[in-house]
Amino acid sequence: MVLCFPLLLLLLVLWGQVCPLHAIPKHLTRAQWFEIQHIRPSPLQCNRAMSHINNYTQHCKPQNTFLHDSFQNVAAVCDLLSITCKNGLHNCHQSLKPVNMTDCRLTSGKYPQCRYSAAAQYKLFIVACDPPQKGDPPYKLVPVHLDSIL
């Protein structure tokens, strides 16, 4: 039994080093974190925009897509027909029309000096949606994950 505790502690420490890569900052809801990561009404400079995200996670995120639309318009996609997400859940929704977006990809650097390339796109998207949490806008469903770009 005494041997199990140090092993469990080691596993928790190792898990904690991996988990923050996908963890949502504690003071944000999933929808708020989605908005920070993926909603920018106008085109942007990837190095600056990604710096804001990377400051939350303390690492260089390898890739990120920003939708150039409002949170309200993206949330409206949650009212469309549900489809199956990449993870097998049935809470995804596809946009009916393409939107402008910027795809940012890590090219070099280590946090906090992350460098990104930018690619402008005009495509459809699929978002996962969930009921709002306390602090979210009062929609029936809110976007919480950018599942796919088509």
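Backbone N, Cα and C define each Cβ position, glycine as well.
If you check Swiss-Prot, you get these features:
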type: ACT_SITE; residues: His38; note: active site, proton acceptor
type: ACT_SITE; residues: His145; note: active site, proton donor
type: DISULFID; residues: Cys46-Cys104; note: disulfide bond
type: DISULFID; residues: Cys60-Cys114; note: disulfide bond
type: DISULFID; residues: Cys78-Cys129; note: disulfide bond
type: DISULFID; residues: Cys85-Cys92; note: disulfide bond
type: SITE; residues: Lys61; note: site 'Critical for catalytic activity'
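For Cys85 (disulfide bond) paired with the residue listed as 'active site, proton donor', the C-alpha to C-alpha distance reads 10 Å. Nearest Cα neighbour of Cys78 (disulfide bond) among the listed recorded positions (His38, Lys61, Cys92, Cys114, His145): Cys92. Considering other CB atoms within 10 Å as the measure, the emptiest surroundings among the recorded positions His38, Lys61, His145 are those of Lys61. When the Cα of Cys46 (disulfide bond) is compared against those of the recorded positions His38, Cys92, Cys129, His145, the shortest separation belongs to His38. Among the recorded positions His38, Lys61, Cys92, Cys129, His145, the ones whose Cα sits within 10 Å of the Cα of Cys114 (disulfide bond) are Lys61. By neighbour count, meaning other C-beta atoms within 10 Å, the densest spot among the disulfide-bonded residues Cys60, Cys78, Cys85, Cys129 is Cys129. Here Cys104 (disulfide bond) is positioned 11 angstrom away from Cys60 (disulfide bond), judged by their C-alpha atoms.
Distance from the CA of His145 (active site, proton donor) to the CA of the residue listed as 'active site, proton acceptor' is 9 Å. Within 10 Å of the Cα of Cys92 (disulfide bond), the following recorded positions from the list Lys61, Cys104, Cys129 place their own Cα: Cys129.
When the recorded positions Lys61, Cys129, His145 are compared by Cα distance to Cys104 (disulfide bond), the shortest distance belongs to Lys61.
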